[in-house]
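According to TrEMBL, the domain 'Aminoacyl-transfer RNA synthetases class-II family profile' annotation covers 23-312. Taken from TrEMBL, the feature L-histidine binding site covers Glu82, Gly83, Thr84, Arg113, Gln127, Glu131, Arg256, Tyr260, Tyr261.
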Amino acid sequence: MSTFTAPKGIPEYYPPESAGFLAVRDTLADAARRAGYGYIELPLFEDTALFARGVGESTDVVSKEMYTFADRGGRSVTLRPEGTAGVMRSVIENGLDRGQLPVKLYYGGAFFRYERPQAGRYRQLQQVGVEAIGVDDPALDAEVIAVADEGYRRLGLTGHRIELTSLGDETCRPEYRARLQEFLRGLSLDEDTRNRVEINPLRVLDDKRPEVQEQLTGVPLMIDHLSDTAREHYEAVKAHLADLGVPFTENPRLVRGLDYYTKTTFEFVHDGLGSQSGIGGGGRYDGLMAELGGQEFSGVGFGLGVDRTLLACRTEGLSVGDQARCEVYCVPLGEPAKRRLVSVAGALRAAGVRVDLSYGGKGLKGAMKAADRSGARYAVVLGERDIEEGSAQLKDLGSGEQRPIALDSAVDEIRAAVSGASEVAP
Ligand code: HAM
């Protein structure tokens, strides 16, 4: 007999932890919905060329981390490593950009990157993302950042900060790139890094090794070489963020792992997570749509890591999603009691009460233990004598108080008790 294990580097969420996962995902998505973003469900895999072109051949994501395979028809497909390229493909293909602008979309789900697994770094990761396409307005950049911040705050997170910079536009970026390369070529670097200087020089700024960092004093920074348009845009984003009351730190050395960014870029960093501290990130990508065969439309968006955000909540001791599994736990003693309580449970569920029931003919002691473990506020106990008397016992599992309720009106009485309890709950 063989035993199976989950693939390496993939987090699984099961009760009770999975409730926290859902709470994080739903809270972040809800922040997007409240700002008018509509849901888009995307394919889990796409044509490999879409990511190569959209995300950039020189990025680690494309060159080292993609799950790429040939399908049975011999097409090269890739499990989506991120969401932005797929959203753009869908917007172009389905003509969503011919309607009202900006097109505002949000998405969620699993993404795949063949990274070295460690705490907070997975091969199947979960994100909630938004994209706002077709309007180049700095207020939209600020909105995107504020939506993410609002999502984190709703979860109760306080230990995160926003790092912000501008990566310039098509007029200032090439000039800056040449200037940066000239500086980096004068340093003493190993062969790999020298290659990176030629292919993706910005990434060198992100090199964590002290021997590289100490040579970077005086390195030219994009922020000091912005075109007038890019500078005005950046100043306006900062002003809007100030108006929104969203605090941020400027980090002119901020480097993102994907090639499509222009102008505003940002990362949400949480210091409680060790090296995998990026709980979310995003920015503007003004050339991406045209690059993928669409109109010359700008766009801005974010991807928030659900797994890492959940870890951040845990490090802050936040009890996200800790709602009890059910509100009422039914304890039937004997077959006739089971028939009655099964139907009471069904009617309560139909009325919106969360109900579980003790199955398998457990005795009173075992069933009451299960009731306690379920986190329910009330247990409904029904024995043969109770049926004869036309009543059931409603036990408040918090206070231990127990009182009989009429069996015929059990559903209404339990509903009243539950809604009374939730009204007085803190
Ligand atoms: P990203 O920075 O590559 O951006 O990923 C966004 C977030 O996903 C990260 O901040 C992190 O929280 C989470 N994440 C990424 N890789 C892993 C991993 N291996 N394990 C756990 N979590 C991970 C994007 O994907 C862009 N598409 C975001 C965007 C949307 N930019 C504009 N629009």
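The backbone N, Cα and C atoms fix where each Cβ goes, and this holds for glycine too.
Quick caveat, the model's predicted, so the values are computed rather than measured.
Sequence features, as recorded in TrEMBL, placed on the structure.
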| residue | record | DSSP (3 states) |
| --- | --- | --- |
| Glu82 | L-histidine binding site | coil |
| Gln127 | L-histidine binding site | strand |
| Arg256 | L-histidine binding site | coil |
| Tyr261 | L-histidine binding site | coil |
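Filtering Glu82, Thr84, Gln127, Tyr261 by Cβ distance to ligand 1 (under 6 A) retains the following binding-site residues: Glu82, Thr84, Gln127. Most Cβ neighbours within 10 Å, among the binding-site residues Thr84, Gln127: Thr84 holds that distinction in the structure as shown. For the domain 'Aminoacyl-transfer RNA synthetases class-II family profile' (23-312), the predicted model reports an average pLDDT of 96. Taking a C-beta cut-off of under 8 angstroms and a sequence separation of 6 or more, Arg256 (L-histidine binding site) has the following same-chain neighbours: Thr265, Glu267, Gly281, Gly283. In this structure the residues listed as binding L-histidine are Glu82, Gly83, Thr84, Arg113, Gln127, Glu131, Arg256, Tyr260, Tyr261; their two most distant Cα atoms lie 21 Å apart. Residue environment of Glu82 (L-histidine binding site) contains 22 other Cβ atoms, counted within 10 Å of its Cβ in all protein chains.
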